[in-house]
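Record features, source Swiss-Prot:
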- 161, 196, 200, 207: Cu cation A1 binding site (BINDING)
- 196, 198, 200, 204: Cu cation A2 binding site (BINDING)
- 1-26: topological domain 'Mitochondrial intermembrane' (TOPO_DOM)
- 49-62: topological domain 'Mitochondrial matrix' (TOPO_DOM)
- 83-228: topological domain 'Mitochondrial intermembrane' (TOPO_DOM)
- 27-48: transmembrane segment (TRANSMEM)
- 63-82: transmembrane segment (TRANSMEM)
């Protein structure tokens with residue numbers, strides 16, 4: 001989750017988010033190099049006294065400033081396209097989770113098991129415990145096993161919502177009458193926080209998401225206890 005005074009991206013808890021962070025750093029380095037080059041050229045242009053009244057054309061420099069940006073865009077576009085295809089790829093998910101957005105809470109259904117469904121509301125400030133986070137903790141967490149491929153299907157019953165967990169690199173719109181899906185792979189245990197990322201009404205800010213990642217053995221125990 002985002003911590004106080006942190007200006008960076010959240011730590012990646014999935015291979016996809018780690019790839020997104022790497023792509024961000026890769027693109028940022030290219031942009032810094034471009035900024036330094038353009039700044040150097042502008043400073044030289046403004047502060048030198050050289051004048052050439054007979055310069056009518058410069059085919060070589062025009063060729064350079066046409067080819068260099070094209071090559072730069074290729075170095076940015078290829079990793080970006082690779083990530084876009086990875087975002088849409090589903091790799092034999094072990095579990096399917098269905099998330100339904102409401103004004104202003106989430107409902108969850110475990111499609112692979114019978115009668116495992118619940119609503120997830122934000123815990124009001126007056127009912128919070130000492131170690132819980134304001135506006136982020138919920139009464140019913142999503143329990144998922146780590147080191148397994150998870151598919152999530154998202155929809156809504158009223159207005160457009162957006163199911164988002166930044167540390168997993170997941171952001172998917174919840175549209176009424178439409179079922180969207182994506183997948184993620186959690187590679188470590190812990191709690192991962194998210195929120196609705198589409199303005200959906202007066203209490204839009206009060207639709208948090210909490211995923212609790214546990215081992216597969218503990219997940220099976222949780223399924224058995226919930227079913228019984």
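Residue 1 is the first one shown; counting continues down the chain.
Glycine too: its Cβ is placed from the backbone N, Cα and C atoms.
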Cβ neighbour count (within 10 Å, all chains shown) around residue 198 (Cu cation A2 binding site): 18
Which same-chain residues, if any, lie at least 6 apart from residue 200 (Cu cation A1 binding site) yet have Cβ under 8 Å of it: 101, 103, 104, 159, 160, 161, 207
Distance, residue 204 (Cu cation A2 binding site) to residue 196 (Cu cation A1 binding site) (CA atoms, angstrom): 7
Fewest Cβ neighbours within 10 Å, where candidates are the binding-site residues 161, 204: 204
Secondary-structure category, per DSSP, in which residue 204 (Cu cation A2 binding site) falls: helix
Reduced DSSP assignment, residue 198 (Cu cation A2 binding site): coil
Spatial neighbours of the topological domain 'Mitochondrial intermembrane' (1-26) far in sequence, C-beta under 8 Å, 6+ residues away: 79-80, 83, 86-87, 133, 136, 166-170, 184-188, 190-193, 213
